[in-house]
Amino acid sequence: MNASRRIEWLDIAKGIAIILVVIGHSPATPEMKSIIYAFHIPLFFFLSGFVFNPKKNNDTPKFIFHKIKILAVPYFVFSLIGYLIYILWEKDVFSTNFSTYAIIKGFIIASATTMKIDTVLWFLPCLFIVQLLFHFITKISINQTYLVIIIIASSILGHYYSELSKVRLPWFIDASFTALVFFGVGFIFKTHNDFIEKRISRYNTEILIGSALLLYIFSKLNSKLSSVDMFGLVYHNYFYYYLAAFFGIIFCIVISKIINQSKSLSFIGKTTILIFAFHSHMFVILNFFLGSIRTEFNLTFVVTSSLKWSMLYTSLSIILLIPIIIIVNIISTAVKNKRVKTLSLQQEPTLL
């Protein structure tokens with residue numbers, strides 16, 4: 001029962017995280033963005049670390065091949081789709097004229113300075129690098145003292161690199177120094193999850209209120225100049241950044257465990273990669289649609305940074321993606337079933 005419940009809250013947490021990503025890219029207010037950006041991407045890396053299993057991933061060649069298949073390949077597939085959408089439509093919408101060479105170069109190098117379109121995809125190469133780094137780190141040892149030392153060192157390296165260097169590294173290696181911190185803490189958290197469930201969950205309400213308040217305070221303190229942004233290596237104050245991020249993560253985990261079961265959030269949480277990849281294209285469709293309505297009916301409304309417009313863009317973009325998600329799920333299930341059937345037909349009885 002415990003295992004299934006943990007999986008359920010994990011999907012809900014992923015659902016909340018991707019909704020926050022979409023809100024962060026929508027016409028939200030600066031205050032909303034400063035709070036959301038303080039922890040939404042760290043939350044994703046934390047959850048990825050939570051499900052990381054070094055015993056399952058002990059074979060390095062197999063591990064690398066698997067990560068190429070589930071992270072690098074989708075990254076390039078989504079990049080190709082994004083390129084086609086840009087050439088066929090968004091090029092004219094944005095009045096830009098990036099060359100094919102510049103776009104392809106940007107996707108291959110995958111750095112903040114080279115990516116021309118679909119920059120939302122940066123998370124995939126960064127997660128790929130983080131997973132590789134953590135694989136080799138845990139190959140040496142999974143001793144928690146050792147891991148904490150590595151995590152602290154990585155946090156310092158990430159902060160000082162962002163302050164002292166203007167060179168952006170390929171595949172977001174520079175962002176991975178900071179991302180590794182949240183991934184590693186997520187991995188360590190998993191080992192204490194049963195204790196937390198038994199001893200601390202009784203204080204969920206107090207933790208929820210306290211973490212929300214502290215998230216607000218530290219995100220406000222750390223966003224006086226601008227919102228933080230892992231993509232841009234914008235962290236501002238070292239301590240405020242990590243305090244805001246971890247209080248935001250705690251807040252989301254507690255909410256996810258309180259909710260525990262939600263078909264809609266679980267559905268969204270299981271399809272985060274598709275929402276990640278395509279929600280910005282849905283925004284373009286919404287902009288076009290709203291512009292057409294304004295012209296057709298001679299209306300004078302203006303899309304502004306506000307709660308109502310942010311909620312409208314977020315909800316409609318996810319709704320527009322549901323047919324795509326369903327189609328991809330049907331195709332994916334059919335391919336998996338065919339593969340399982342083929343393997344079962346070919347399998348030797350001695351291997352059972």
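Every residue gets a Cβ built from N, Cα and C, even glycine.
Per TrEMBL, the feature domain 'Acyltransferase 3' maps to 8-322.
What TrEMBL records for 12-28 (among others) is transmembrane segment.
Under 8 Å from some Cβ of the transmembrane segment (34-52) lie the Cβ atoms of residues 10, 13-14, 17, 20-21, 23-24, 28, 123, 127, 130-131, 134, 179-180, 182-187, 189-190, 215-216, 218-220, 222-223, 227-231, 241, 244-249, 251-252, 272, all in the same chain and six or more residues away from its ends. TrEMBL lists 34-52 (among others) with the feature transmembrane segment.
The transmembrane segment annotation in TrEMBL covers 72-89 (among others).
Beyond the ends of the transmembrane segment (120-138), by six or more residues, the same chain brings 21, 25, 41, 44-45, 48-49, 52, 54, 57, 60, 63-64, 67-68, 71-72, 74-75, 78-79, 82, 107, 110, 112, 147, 150, 171-173, 175-176, 179-180, 183-184, 187, 230-231, 273, 276-277, 279-280 to within a C-beta distance below 8 angstroms of the stretch. According to TrEMBL, the feature transmembrane segment maps to 120-138 (among others).
Among the features that TrEMBL reports, transmembrane segment is placed at 145-162 (among others).
Under the heading transmembrane segment, TrEMBL lists 168-189 (among others).
Look at TrEMBL and you will find 201-219 (among others) tagged as transmembrane segment. If one looks beyond the transmembrane segment (201-219) by at least 6 residues along the same chain, the residues whose Cβ comes under 8 Å of a Cβ in the stretch are 34-35, 38-39, 240, 243-244, 247-248, 250-251, 254-255, 257-258.
Feature annotation from TrEMBL assigns transmembrane segment to 239-259 (among others).
Here the transmembrane segment (271-290) has Cβ contacts under 8 Å with residues 14-15, 17-18, 21-22, 25-26, 44, 74, 78, 81-82, 85, 89-90, 93, 118, 120-121, 123-124, 301, 303, 313, 316-318, 320-321, 324-325, 328-329 of the same chain, all six or more residues outside its ends. Marked as transmembrane segment by TrEMBL: 271-290 (among others).
Within the chain, the transmembrane segment (310-331) has long-range Cβ neighbours (under 8 A, six or more residues past its boundaries) at 19, 22-23, 26-29, 32, 268, 271, 274-275, 278-279, 282-283, 285-286. The transmembrane segment feature in TrEMBL is assigned to 310-331 (among others).
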(message) I'm a bit unsure how to read this: which one of 72-89, 145-162, 168-189, 239-259 has the highest number of Cβ pairs shorter than 8 Å with the transmembrane segment (12-28)?
(response) 239-259
(request) Determine which residues of the chain contact the transmembrane segment (239-259) at the Cβ level, with the cut-off under 8 Å and only residues 6 or more beyond its ends counted. (result) 9-10, 12-13, 16-17, 35, 38-40, 42-43, 46, 155, 159, 181-182, 185, 201, 204, 207-208, 211-212, 214-215, 218-219, 221-222, 228, 265
(message) Below 8 angstroms Cβ to Cβ, which residues of this chain, lying six or more residues outside the transmembrane segment (145-162), approach it?
(response) 137-138, 174-175, 177-178, 180-181, 184-185, 187-188, 233-235, 238, 241-242
(request) Using a Cβ-Cβ cut-off of under 8 Å, list the residues of the same chain that are 6+ residues beyond the ends of the transmembrane segment (72-89) and lie near it. (result) 98, 100, 103-104, 107, 110, 117-118, 121, 124-125, 128, 273, 277-278, 281, 284
